[in-house]
């Protein structure tokens, strides 16, 4: 039962615990990184390097009054935050961490993730609508439009990878990158996917559903305590998921770069997987530090007029090349 | 130094006086007016309210050079004023201050009113900006304006009893009944603040859609203080907007009537609380002119230097929050580093940071400290390069450009309509800067440019301010290199205590010493308006002295008040996100709006 193999209880527990811990710790990482990039310190008081800040924040958020506004739709209001947590956590089930480390080898892994991402959009929409607050309403309207359209580009951009590897199974996609990572043949797909995943996790510059300067806190204006905490941590799990996906799909997952070290060791695999993922996480934070927010209609037209054609052309060319090679 | 300049300005004014007064006499007949002499020589004419609109229209449209802008409307409660020599009988006076930029002259029009008959025709048909000014006069004095579309309180809460700037209205809480807030009153006050679209003539729906009404504020991350904009939204499109101010009203003008001339200086700091000592300047300049105090050269240069430091500090905060409101989170932190350097310099000179209250009537509080120039030199050497870096970060960013170009644009004529001054006016391509066109405090001796832009949109308003920071740095460098030696205050009897040795020797000097310490200066009766180019536009102080130790009436014309009024005009039809960009580009401070 305590073997290291896909789907064993030990691995499942470790992944679930690891994902939640790392996501919570990402809050600290983001604040410290932003501090570095913005000429200030960031949280550095609780514990060494301020690492205990997350624990203190958790205490605070757990002990806060769990308030439901009297004018809200109570049931939906309470159901909405867990949806985003659950959907994104479920997505991690198909992420291959290292050889033999993962929760399930689903042959439709990629589709599973896209499906879960679609469901997560409900959380944001329902949360906003149930709040019965005008700012929340504006936020969830923006979220609905943004997430639904960027899912389209996200899906299309991934098809190139699927065509090259011939499978939806993420573990097999990693295996098929032994000869070369997909970042080279699928560079444009990577760009589209990276942008779309920022939009999916609604972080700056695409944080329109919660644009503080415009609509206060958007869809989670009325949320506090642990319900807010779930949206908050959900966002960071989303960042982790998007970074892990970029690693798995375009950067060879657990495979070492340039053949450094052993290829199929579990420890080395976990190390490379984590390292690559963290690089993308830092990239997410850097974007937040650097880029201003486009307007709602600019965001939409950028998606439909730039990203959609780009991903379609990428798909066409990939198909043509495969056809040509096959012939 | 400035003698010749001041003289030429005065001479110019005297010519304009005859020009505009002569033209008005010729057009409307001499009997229609009463001419009043004032301390600064500004042409002041009393007229009948029946002819007000004709005169305003004539001055704005037909008279050459035309008076483009209605700078201010205010009122004076004349009922307990003693020194009114040569002025028509009046219980209340409504005062209109018009300014001509092309002719570089002003005119002040006054209407005498009697207690039982307090109404004047509204000037909105000539200048839309009259709207808020008239509401303010109604709120503060109970004078009504015929034809005003929505004459309701603007600064005081809607439930307020009485009119605060009347002389019989108490000035402090201890003169009133103790205040208590029980549940009933609280409910009443809250429901009075509820936004009711019908009161503003707004429809609940159009043919195709139902509107949403959204309270943006009084507490909202992007309104920079306590300011409410009630929005009529069609989806995310702003159909109409009603700015609601007054949440920051502290009765600064009423306090002016209670404090002595001298002790009011710290209050001025807090009007535009980002402008610091720059707020002191028009106030002390007005008093100096009324008392005939000549300010030493060193004082003028010190004042200019500190004002320009505060301009930089204020513009830096604007620049950072502008980027932040557009979603760019980092620039403000870098700019706060520079702002901190500015405040360190200010602190080492004045002892205070944001509100040093450091200018005095006739001088400044202390001389510059030893070694004052080191930090300043370091700052002027490094700051322009930092600004270039920010340009690359913010102004060259394509998303910022997309968000701000063509958004919230108005042209020069619209700026005149709405009383928009300062960088907001210069962004439309109209070059007029108080420092250049009516130099005060020795600005004529400095070499600097007045930056302008073309389109008058959000981007241009920001660009003008950035260039102003560069020019301010130039001015500071010149101050640094040419700081004159000499006293830091004038030895005028009204402002400085007598020389200690004299006070020890003869009784007259001792009495003078005693009076100037206990009362402060006694200012001769008269009226004066002094303006400066403040951080946000034209800031004027209109002081009425009745020959006492304090002001009879203190009127503070602030630029932000007029700018906020234009928000609906320039933002209707845009999206909520654009409205945020527009609000961010205006650069207002609520304390400056509400006073």
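Using N, Cα and C of the backbone, Cβ positions are placed for all residues, glycine too.
Keep in mind it's a predicted model, so treat the numbers as computed, not measured.
Feature annotation (TrEMBL): of A:30-49, A:50-69, A:110-129, the stretch labelled transmembrane segment is A:110-129. Just going by CB pairs under 8 A, the stretch in A:6-28, A:75-98, A:180-199, A:236-254 that sits most against the transmembrane segment (A:299-324) is A:180-199.
Through the fold, the transmembrane segment (A:180-199) approaches residues 146-147, 150-151, 153-154, 156-158, 160-161, 164-165, 205-206, 242, 245-246, 249-252, 255, 284, 287, 299, 303, 307, 310-311, 313-314, 318, 321 of its own chain, all at least 6 residues removed from its boundaries and within a Cβ separation under 8 Å. Contact between the transmembrane segment (A:6-28) and the transmembrane segment (A:236-254) is supported by 3 or more Cβ pairs under 8 Å, counting only residues 6 or more apart in sequence. Within the chain, the transmembrane segment (A:75-98) has long-range Cβ neighbours (under 8 A, six or more residues past its boundaries) at 15-16, 19-20, 68-69, 104-106, 109-110, 112-113, 116-117, 119-120, 122-124, 126-127, 129-131, 170-171, 174, 222-223, 227-228, 230-231, 233-234, 237-238, 241, 244-245, 248, 253-254, 266-270, 273. Here the transmembrane segment (A:110-129) has long-range neighbours at 73, 76-77, 79-84, 87-88, 90-91, 93-94, 136-137, 139-141, 143-144, 147-148, 151, 154-155, 158, 162, 168-170, 173, 200, 202, 209, 218-220, 223, 231, 234, 238, 241, 245, meaning same-chain residues at least 6 beyond its ends whose C-beta is under 8 angstroms from one of its own. If you look at the transmembrane segment (A:266-287), the same-chain residues 6 or more away from its ends with a CB under 8 A from one of its CBs are 4, 26, 29-30, 33-34, 37, 97-101, 198, 201, 203-205, 239-240, 242-244, 246-247, 251, 253-257.
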